[in-house]
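S.K.: One structure, pasted below without further comment.
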Amino acid sequence: MFKKSFKYYKSRKPPPNLTQVLDFLKSEDLLCDNKIKKVPLRMTNLDPFFGLKPLDTWEVYEIVAMPGLLFVKNPFTNLGQRYWTVRCLRDYTKRPNKSNLDPFNKPEDTKNWWDICQNGNKLLLDKMRWVTLGYHHNWDTKVYTENNRGQFPTDLKHMTEFLAKVLGFEQFSAQAAIVNFYHLNSTLSGHTDHSERNLNAPLFSLSFGQKAIFLIGGQQLEDQAIPLFLHSGDILVMSKDSRLNYHGVPKILQGDVSEWSSPESESVPNEYDDVVKVCKDNSAWKPFGDYLKHSRINVNVRQVLFDGEIQLSEEINVF
Ligand code: OGA
Ligand code: MN
């Protein structure tokens, strides 16, 4: 019963009882109760993307009642969490990527939302709700088209494709992403993600900042729904039988701060210096850390095309 559960967990008065929410910080209990099972990692000869913990420390689980729904317990280093936070807030929000604030800015206006906010316009900070990358999600028609496609960021592509390989999705190609920005009173109502031409490819969902209650049901609204906590750094993968399931975010809860506390020293390729120096300098990092104290960032990465396809088919040419 997706709608009923959603309403229950969204409620403020009275607040929901959270004892049924799967919490992977207590993964030993969930394993004992047969709610989750361990998933082995695949070996890959790809170099790991920086900002990820060593593979032999990763914990990956499948939710027993939701075959194909995989959970990776925060595999990011603190530096990795800081890196993706800076990229999402400072860089991915720039044109030509699309955002909910585009209608309020002239295309020739090159000023960046993050910089405007830092230069005093704090009211604007909570107005950014989503950004789309690569094939732009069309919120009205829900249809991806070739002429509504931007460059997909290469760092996000490399990191998610590395993740996909390690989880056994050898062919995954990152082609579209939605970055969602949530505040403490935000929700994302129940929906299915079915706009992609290829509905067999998995969907990767990364979380940074405050924790969320994520609710996932079955392919029918009547099916039983399962609530779980997503903490900063956690990754959820909707694949196989769970790829088309109803899901949503009924609540954001405040509490997490430590996950991005102090960045470790880690070797990072030079090409990322520009971002990494912000992550390592505590005063440059401060506004990003402050944002995360009352917000959650979700990066939702999808493959649109079938394996081997390079674009959506063109209109039929009339000679
Ligand atoms: C989405 C989505 C979930 C989340 O963007 O389609 O389901 O955890 N996001 O924010
Ligand atoms: Mn979704």
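A Cβ is built for glycine as well, from the same backbone N, Cα and C atoms used for every other residue.
Quick paste from TrEMBL:
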- His191, Asp193, His247: Fe cation binding site (BINDING)
- 173-305: domain 'Fe2OG dioxygenase' (DOMAIN)
S.K.: For the recorded Fe cation site, enumerate neighbouring residues of the same chain (Cβ within 8 Å of the Cβ centroid of His191, Asp193, His247, site residues themselves excluded), in sequence order.
M.R.: Gly190, Thr192, Asn245, Tyr246, Gly248
S.K.: Quick one: mean pLDDT on the domain 'Fe2OG dioxygenase' (173-305)?
M.R.: 96
S.K.: Please work out which residue of His191, His247 has the most C-beta neighbours within 10 angstroms of its C-beta, and give that one of the binding-site residues.
M.R.: His247
S.K.: Please count the residues of the domain 'Fe2OG dioxygenase' (173-305) that DSSP assigns to helix (H, G, I), strand (E, B) and coil.
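M.R.: With helix first, then strand, then coil, the domain 'Fe2OG dioxygenase' (173-305) has 28 helix, 49 strand, 56 coil.
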